[in-house]
Amino acid sequence: MDHAEENEILAATQRYYVERPIFSHPVLQERLHTKDKVPDSIADKLKQAFTCTPKKIRNIIYMFLPITKWLPAYKFKEYVLGDLVSGISTGVLQLPQGLAFAMLAAVPPIFGLYSSFYPVIMYCFLGTSRHISIGPFAVISLMIGGVAVRLVPDDIVIPGGVNATNGTEARDALRVKVAMSVTLLSGIIQFCLGVCRFGFVAIYLTEPLVRGFTTAAAVHVFTSMLKYLFGVKTKRYSGIFSVVYSTVAVLQNVKNLNVCSLGVGLMVFGLLLGGKEFNERFKEKLPAPIPLEFFAVVMGTGISAGFNLKESYNVDVVGTLPLGLLPPANPDTSLFHLVYVDAIAIAIVGFSVTISMAKTLANKHGYQVDGNQELIALGLCNSIGSLFQTFSISCSLSRSLVQEGTGGKTQLAGCLASLMILLVILATGFLFESLPQAVLSAIVIVNLKGMFMQFSDLPFFWRTSKIELTIWLTTFVSSLFLGLDYGLITAVIIALLTVIYRTQSPSYKVLGKLPETDVYIDIDAYEEVKEIPGIKIFQINAPIYYANSDLYSNALKRKTGVNPAVIMGARRKAMRKYAKEVGNANMANATVVKADAEVDGEDATKPEEEDGEVKYPPIVIKSTFPEEMQRFMPPGDNVHTVILDFTQVNFIDSVGVKTLAGIVKEYGDVGIYVYLAGCSAQVVNDLTRNRFFENPALWELLFHSIHDAVLGSQLREALAEQEASAPPSQEDLEPNATPATPEA
């Protein structure tokens, strides 16, 4: 069989033939029978809600304590090795990040270790993701540090501070108190949102928004770390233009940089960059990524202790790491009114980052995460953790990739990582007291590489979507210069405005028919597509509501070229001209009405006398005109039907319904029918609820599809032509005749 025969057979088998009636809405409803649905009464719903069965109790436990579902099904032989390797790899990364992110949060380093321990244990019981790593995250830590520095600035005067050391300790204690308060409030917000099933709020933080926000946060983190890398003493700034002030402060003090601190930092920086490139290039051959950050911490601590860098070269180090866990403490709730804006921003950003990474890894491994339960889990981790003096946590992107990439199967890997942190807190913390802050600064800056790579989004969005590019840029700029809290608020407002813009300014298309098919496509896109004579098909790809209803009406007239007002005016002008030509001045005042009015024959133009004044009845303008009048007709005057394609309209509000009713009436006044094609059940309900079908005859305007509407229009016109061409009956010729009396 040659290719020509194959193509013939393929073409024959790819055709379909359907024979059915033209489905207007009434005809289709006659063929359908609605299923009887008996709605549950309120009493039945309450009874069902408060009914207690073993299965229901089990499902509730599974929902709020996911560990009770996956732990009994734990496949020990398959999972234990992967969880063990993953836990160790994540733990050695979590140690330096916990210390470094505490610097971002403007609290002593030990509190970064607390935040790497308590929340991880709680998330193991409460979280639905098996792979993400919970704990300190650079962006959230920076936001915590921003509010802590705003309320407790570097130059604050602490009453009772005898010397600089005591003053610094008192200042740090106040910042810890602020961090605990904002962490508690953000946790309460997350928990309440989860209980109220508001997990969907993450959808308002679109990917361009999140990526623009995290890129701006990366710039904030980078500028915050420069002072530690250069070893200079500068004031820490927060709020509007803080990134500018921080950069200027570092540059002004660059002449005072600590060469030893910079040298150690650059050495670690180069080691980490080269090592990460090695890990990436040979990741298929390595059983696990080399824990570069841990080696950097060990090496930096060893060099600092061996050469006594703190005393000999005045290098800033981590300092005291007290052993043991602190007893629970009550956060200061009196600060809530000062930090609620920051708490809301931290709660939303923390959840958005967490659910984004959780869904990515869940899709990769074939399971689902519950956004509402993730909110509850984060809320409890933060609110309960604040009692143990932790600061707000989230999902760490870099640690999550390590935990998943090294073979982690469940959150037992996270538990093992937290136990390693506990070992440092209880026994070995003093070993890291000589660690230079420049090493931690280099670790943080290197881990920002992935966020800085998001600048490559700009050419991508430039090619694909200017609106998403606008969201990215406005989010980045506002978050960079207004601060992360107000920047996020601005970004969300901009994102919502783009939604309004998209629906207010949708694309409008005039459709034509692909010959010998029932397919209707944009006539401006393809040469083969042709308009059907006398019919205009108009499509919108958005809902019709108060923000775009007038624009829709205007676009309909502009795109189709059929404007009822223009047609009416042209007809009046033509009639006046025609009246003058036939010498009948009174006809110039005649009224033009729709074509299907019930006026026929000579009586249609026969004058009547009333109170001595001669009046003419309305003149009927049909689809054909004398040649003398046709010269004055506008281009759209030969159109008899406008079909509105509603297949892409998902709702229409009361303002849209009024606009639609006005369109139907306006076109009807000049003898043009308006059909609605492809209305969804929701749109039909909206039209019914807003009394669009108050006149039952309007149901005849609804058609199941564009093709049904086209065929219905053509059938109507054919019947009208047949009726017009039929010879008049005897009764029409002799309207006053009386029927003959039959003979007896």
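Glycine is treated like the rest: Cβ placed from N, Cα and C.
Look at Swiss-Prot and you will find 1-75 (among others) tagged as topological domain 'Cytoplasmic', backed by a curator's inference.
Under 8 Å from some Cβ of the topological domain 'Cytoplasmic' (127-137) lie the Cβ atoms of residues 66, 70, 90, 94, 97-98, 101-102, 105, 112, 115-116, 119-120, 350, 353-354, 357-358, 361-362, 365, 367-370, 373-374, 377, 381, 391, 393-397, 399-400, 402-404, 408-411, 414, 417, all in the same chain and six or more residues away from its ends. Residues annotated as topological domain 'Cytoplasmic' in Swiss-Prot: 127-137 (among others).
Among the features that Swiss-Prot reports, motif 'Involved in motor function' is placed at 158-168.
Under the heading N-linked glycosylation site, Swiss-Prot lists ASN163 (among others).
Taken from Swiss-Prot, the feature N-linked glycosylation site covers ASN166 (among others), and the record attributes it to sequence analysis.
Marked as topological domain 'Cytoplasmic' by Swiss-Prot on the basis of a curator's inference: 197-206 (among others). When averaged over the topological domain 'Cytoplasmic' (197-206), pLDDT in the model lands at 80.
Annotated topological domain 'Cytoplasmic' per Swiss-Prot: 283-291 (among others), in sequence order, evidence recorded as a curator's inference. Beyond the topological domain 'Cytoplasmic' (283-291), the same-chain residues lying 6 or more positions past its ends with a Cβ under 8 Å from any Cβ of the stretch are 85, 89, 92-93, 275, 402, 405-407.
Within 10 Å of the C-beta of SER398 (site 'Controls the electromotile activity') there are 20 other C-beta atoms, taking all protein chains into account. Annotation source Swiss-Prot lists site 'Controls the electromotile activity' at SER398.
Annotated salicylate binding site per Swiss-Prot: SER398, in sequence order.
What Swiss-Prot lists as topological domain 'Cytoplasmic' is 407-410 (among others).
Taken from Swiss-Prot, the feature topological domain 'Cytoplasmic' covers 505-744 (among others).
Here Swiss-Prot flags 505-718 as region 'Extended region for STAS domain', drawing on similarity to another entry.
As annotated by Swiss-Prot, domain 'STAS' applies to 525-713.
Residues annotated as region 'Disordered' in Swiss-Prot: 718-744.
In terms of DSSP helix, strand and coil, the topological domain 'Cytoplasmic' (197-206) has 6 helix, 0 strand, 4 coil. Under DSSP, the residues of the topological domain 'Cytoplasmic' (407-410) split into helix, strand and coil as follows: 0 helix, 0 strand, 4 coil. Long-range Cβ contacts of the topological domain 'Cytoplasmic' (197-206) within its own chain (Cβ-Cβ under 8 Å, at least 6 residues beyond either end) map to 213, 348-349, 351-352, 355-356, 370-372, 374-375, 468, 471, 492, 495-496. Counting residues 6+ beyond its ends, the topological domain 'Cytoplasmic' (407-410) has Cβ neighbours under 8 Å at 70-71, 74, 78-79, 81-83, 85-87, 90, 130-131, 288 in the same chain.
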